[in-house]
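Asker: Pulled these features from Swiss-Prot for this protein:
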SIGNAL    1-23  signal peptide
DISULFID  37-120  disulfide bond
ACT_SITE  170  active site, nucleophile
ACT_SITE  198  active site, charge relay system
DISULFID  209-214  disulfide bond
DISULFID  252-261  disulfide bond
ACT_SITE  263  active site, charge relay system
DISULFID  278-302  disulfide bond
DISULFID  279-327  disulfide bond
DISULFID  295-300  disulfide bond
């Protein structure tokens with residue numbers, strides 16, 4: 001039933017794509033007339049996690065200084081923002097698992113952005129899929145919110161931009177991109193990295209760089225492609241990893257029907273790449289289907305937090321298995 005709903009969702013979104021402008025709410029007067037998923041700073045929440053404090057309490061811009069880390073004069077952690085997508089939440093199991101993997105890996109300050117109201121998560125189950133266009137139009141506003149928190153970190157807590165990384169899934173990937181644009185507009189500099197996990201395709205894949213996540217949004221933009229309907233095969237970043245060619249992920253069933261599974265696999269893949277060094281290896285598209293066993297550090301790239309330490313950029317094919325940890329490298333590390 002859920003797969004049928006998403007199949008209908010594809011058709012609806014593609015029709016709406018020709019009726020409305022997306023990515024910038026100022027471009028669409030029609031969306032302003034009736035918005036069932038309105039954006040407000042007050043409805044965006046943050047879960048702030050460290051190794052010492054893993055409570056899933058919610059904070060806002062007004063209450064963030066109640067958190068112990070924000071009572072200090074300086075924050076010395078590397079900071080990672082995680083942003084969910086359409087009809088999801090920061091408390092979804094896959095995002096909490098990613099946050100936990102980060103904390104196991106290093107002494108990070110993890111900020112999960114919960115914009116469920118503007119992402120239409122709270123709407124009636126049978127109706128909210130029709131509201132995708134409203135959530136898409138809110139992404140820039142949520143990106144501006146992340147930029148506001150970033151400004152606080154930089155100016156009040158002496159966090160260098162080089163210590164801040166953004167991770168976003170689906171619409172959350174574009175939200176992260178808009179945050180990257182906004183911090184540059186505020187003259188804060190660039191984020192060290194933005195990681196887009198299967199960035200949403202509908203409403204964005206045909207847009208110019210200013211209206212979607214783009215390689216100029218951070219010093220390094222890593223994109224993981226896992227679906228070609230909910231996601232996109234368009235190259236967007238410094239490096240673009242096409243997992244199993246970017247669609248129909250192993251273990252997700254038939255094309256289209258398994259699209260939702262493929263779309264969410266991006267989060268699972270990246271979480272495994274946090275847990276396991278060089279879990280998944282990207283082979284240059286020009287050399288596909290070269291086996292990863294022939295890869296060297298100078299031509300291939302490992303997906304994950306260390307991707308930017310490799311010299312190669314561009315598009316990469318990544319073979320994956322159907323079950324966690326999804327590695328197809330037979331223990332090879334480059």
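Keep in mind that glycine also has a Cβ here, set from the backbone N, Cα and C atoms.
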Asker: Report, as a single number, how many Cβ atoms besides its own are within 10 Å of the Cβ of residue 300 (disulfide bond).
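Answerer: 24, counting other Cβ atoms within 10 Å of residue 300 (disulfide bond).
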Asker: For the disulfide-bonded residues 209, 252, 279, 327, work out the Cβ neighbour count at 10 Å and name the residue with the minimum.
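Answerer: Candidates: the disulfide-bonded residues 209, 252, 279, 327. Fewest Cβ atoms within 10 Å: 209.
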Asker: Rank the disulfide-bonded residues 37, 261 by the number of other Cβ atoms within 10 Å of each Cβ, and give the residue at the low end.
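Answerer: Each of the disulfide-bonded residues 37, 261 was scored; lowest Cβ tally within 10 Å is 261.
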Asker: Which of the three DSSP-derived classes (helix, strand, coil) applies to residue 302 (disulfide bond)?
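Answerer: The residue in question, residue 302 (disulfide bond), is strand (DSSP, three-state).
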Asker: Within its own chain, what residues at least 6 apart in sequence put their Cβ under 8 Å from the Cβ of residue 278 (disulfide bond), listed in sequence order?
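Answerer: Counting only residues 6 or more apart in sequence, the Cβ neighbours of residue 278 (disulfide bond) under 8 Å are 302, 304, 306, 329, 332, 333, 334.
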Asker: Could you work out which of the recorded positions (120, 170, 198, 263, 295) has its C-beta surrounded by the smallest number of other C-beta atoms within 10 A?
Answerer: 295
Asker: What count of other C-beta atoms do you get within 10 angstroms of the C-beta of residue 214 (disulfide bond), across all chains shown?
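Answerer: Result for residue 214 (disulfide bond): 21 other Cβ atoms within 10 Å.
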Asker: Given the disulfide-bonded residues 37, 209, 252, 261, 300, which lie within 10 A of residue 198 (active site, charge relay system) by CA-CA distance?
Answerer: none
